[in-house]
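**Q** Here it is: the structure, laid out below.
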Amino acid sequence: MSAPKFGYVLLLIVLINISNNGVDAFHKVFKKLQSKSTSLESVSPLHRTAYHFQPPRHWINDPNAPMLYKGVYHLFYQYNPKGAVWGNIVWAHSVSKDLINWEALEPAIYPSKWFDINGTWSGSATHVPGKGPVILYTGITENQTQIQNYAIPQDLSDPYLKTWIKPDDNPIVKPDNGENGSAFRDPTTAWFNKKDGYWRMLVGSKRKNRGIAYMYKSRDFKKWVKSKRPIHSRKKTGMWECPDFFPVSVTDKKNGLDFSYDGPNAKHVLKVSLDLTRYEYYTLGTYDTKKDRYRPDGYTPDGWDGLRFDYGNYYASKTFFDDKTNRRILWGWANESDTVQDDTVKGWAGIQLIPRTILLDSSGKQLVFWPIEEIESLRGKNVQMTNQKMEMGQRFEVQGITPAQVDVDVTFNVGNLEKAEKFDESFATKPLELCNLKGSNVNGGVGPFGLITLATSDLEEYTPVFFRVFKDAASNKPKVLMCSDAKPSSLKKDTGTDAKERMYKPSFAGFVDVGLLDGKISLRSLIDHSVVESFGAKGKTVITSRVYPTKAVGEKAHLFVFNNGSQPVTVESLNAWNMQKPLKMNQGAK
């Protein structure tokens, strides 16, 4: 094996060094802390979310095998029952009737047999006719080899699927055909091809620095055979974790499609979570069922410049098809961005973000994401603002709500675009660099304008979420940048030199593909104490930030709208709702 090129090695070093303790290149192991349990009485409420999914204590990461069975929603997730750092991982299991209120059950899968004795890692669920739901998951053997196993419910008549069995004929897929046994994990939901009678599923992997999604085929869901070629791969992308592969309708703008849909008017989505960057990328393309090949559309970037489900703190996502409502629903994990010491002291780490629906944008060139409508059942007191004109340097406070726990939806009208700054094409694939260069306090022509969240009254601490409009010189069309900037979010001083001792306060950014023909652009943010989920232009661009203010906490937090561009911007409409806690959120979880 030849050594990788110096440039690539240097890139890896940079990526790892800029990472935080959670959004890093690998799971960091803190053996002294991974079994340091916290009693329920000792769990710190500071920065703990109110309406997001999380257990009462300890560490969580990847959402696994979401599904609907006999009217009950199921979510499994990677969980450490003994501490607030990664380790001792089991498949925790929660159930819900409405995707809002959750009841914790006993862990469904945990290390117990030779084929998973050193780990039960991520996977997916598939509804198999005549067999019910089948979970495919990655097991870690005694010699640290990653293999693929299956588990089945003990009682199919139980809508809660409380008990799962791991049959002795596991594993079903082993890395014995040229695969990398140390990077071979996270099987997808399988899909069925009626024409040839085979099930198919993907497993993420890498070969040297090439990311790969291997395909496997089976008639009986037990004996799986590797396809002649991967469904897709890409050089210099490293390990592909948590792949997801599903169709979206080209014509139906309201409903999702089942994994096995093979009809007309559909495109396929291939999503991968890049272990190198800890971001998720997706492509839209065509899936040839005869050749088992997936080809991204020519206009869809493939690789590190690709489209993302979320441009912020968002990883290891997993979708499922809700056949009750005909929706494709997306779950995603947001780890903490504070320090390992903070996580250990507070006794918990990680949340699942609000589930989102997925549809194909009317352009056919990207997906759009939106919080599930069920979340609106938690809305309480509402305040509104209409036709509020903001000159350069002005900001207005949104009063009468609890800004640390709120759902705010605002539509801005930017009016005249003639004063928009000229767009520098050298930033065409570098929205983050542009956001860092032109932050919320850097005056522009049209923008920056947006929301100032989790702020003190004097802006000692604040997390701005904002737009800045540029003008493309060649086409004379607007180029819209969306940013969420955590750098000013907290006054906490970092004293350590190691990454685990420093709070991660990054900027996140993405471009928004919107024409602004009517001069309007919307921004919705779900704010929940230490998380800000923001949806630009009705979900064309989504950014999640984790933040930890020291003063803008609870009732001391403030919410503003602002404009720092020379061109006036009007708040055409703003609605903000206090958000209530669900009645149930995994009480009783171990």
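Including glycine, each Cβ sits where the backbone N, Cα and C put it.
The following feature annotations were taken from Swiss-Prot:
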{"type": "ACT_SITE", "residues": "ASP62", "note": "active site"}
{"type": "BINDING", "residues": "TRP59, ILE60, ASN61, ASP62, GLN78, TRP86, TRP121, SER122, ARG185, ASP186, GLU241, ASP275", "note": "substrate binding site"}
{"type": "DISULFID", "residues": "CYS435-CYS483", "note": "disulfide bond"}
{"type": "CARBOHYD", "residues": "ASN118", "note": "N-linked glycosylation site"}
{"type": "CARBOHYD", "residues": "ASN143", "note": "N-linked glycosylation site"}
{"type": "CARBOHYD", "residues": "ASN180", "note": "N-linked glycosylation site"}
{"type": "CARBOHYD", "residues": "ASN335", "note": "N-linked glycosylation site"}
{"type": "CARBOHYD", "residues": "ASN564", "note": "N-linked glycosylation site"}
{"type": "SIGNAL", "residues": "1-25", "note": "signal peptide"}
**Q** Would you find the one among the binding-site residues TRP59, TRP121 whose Cβ has the most company, meaning other Cβ atoms within 10 Å?
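**A** Output for this query is TRP59.
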**Q** Could you check what DSSP calls ASN143 (N-linked glycosylation site) once collapsed to helix, strand or coil?
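**A** Going by the DSSP assignment, ASN143 (N-linked glycosylation site) belongs to neither helix nor strand, so it counts as coil.
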**Q** Starting from ASN61 (substrate binding site), work out which of the recorded positions listed here (ASN118, ASN335, CYS435) have their Cα within 10 Å, and give them in sequence order.
**A** ASN335
**Q** What's the number of neighbouring CB atoms sitting within 10 A of the CB on ARG185 (substrate binding site)?
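**A** Result for ARG185 (substrate binding site): 25 other Cβ atoms within 10 Å.
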**Q** Determine, using Cα-Cα distances only, which of these recorded positions is closest to CYS435 (disulfide bond): TRP59, ASP62, GLN78, ARG185.
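**A** In terms of Cα distance, CYS435 (disulfide bond) lies closest to ASP62.
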**Q** Express the distance between the Cα positions of TRP121 (substrate binding site) and ASP62 (active site) as a whole number of Å.
**A** 9
**Q** Where ASN143 (N-linked glycosylation site) and ASN564 (N-linked glycosylation site) are concerned, what is their Cα separation in Å, rounded?
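**A** About 58 Å separate the Cα atoms of these two residues.
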**Q** Cα distance, GLN78 (substrate binding site) to the residue listed as 'active site', nearest Å?
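**A** Pair distance, Cα basis, whole Å: 5 Å.
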**Q** Comparing the glycosylation sites ASN118, ASN143, which residue's C-beta has the most other C-beta atoms within 10 angstroms in this structure?
**A** ASN118
**Q** Just to be sure I understand the packing, how many Cβ atoms besides its own are within 10 Å of the Cβ of GLU241 (substrate binding site)?
**A** 23
**Q** Looking at the binding-site residues TRP59, GLN78, ARG185, GLU241, whose Cα is closest in space to that of ASN335 (N-linked glycosylation site)?
**A** TRP59
**Q** Within 10 Å of the Cβ of CYS483 (disulfide bond), how many other Cβ atoms can be counted across all chains shown?
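**A** The answer is 28 other Cβ atoms.
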**Q** State the three-class DSSP label for CYS435 (disulfide bond), counting H, G and I as helix, E and B as strand, and everything else as coil.
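**A** The three-state answer is helix.
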**Q** Note down the number of other Cβ atoms within 10 Å of the Cβ of ASN61 (substrate binding site), including every protein chain shown.
**A** 23
**Q** Given the binding-site residues TRP59, GLN78, GLU241, which one's Cα is the least distant from that of ASN180 (N-linked glycosylation site)?
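**A** Result: the closest of the binding-site residues to ASN180 (N-linked glycosylation site) is GLU241.
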**Q** When you measure from the Cβ of ASN564 (N-linked glycosylation site), which residues in the chain that are at least 6 apart have a Cβ under 8 Å away?
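**A** Correct list: MET392, GLY393, SER440, ASN441, VAL442, ASN443, GLY444, GLY447, PRO448, PHE449.
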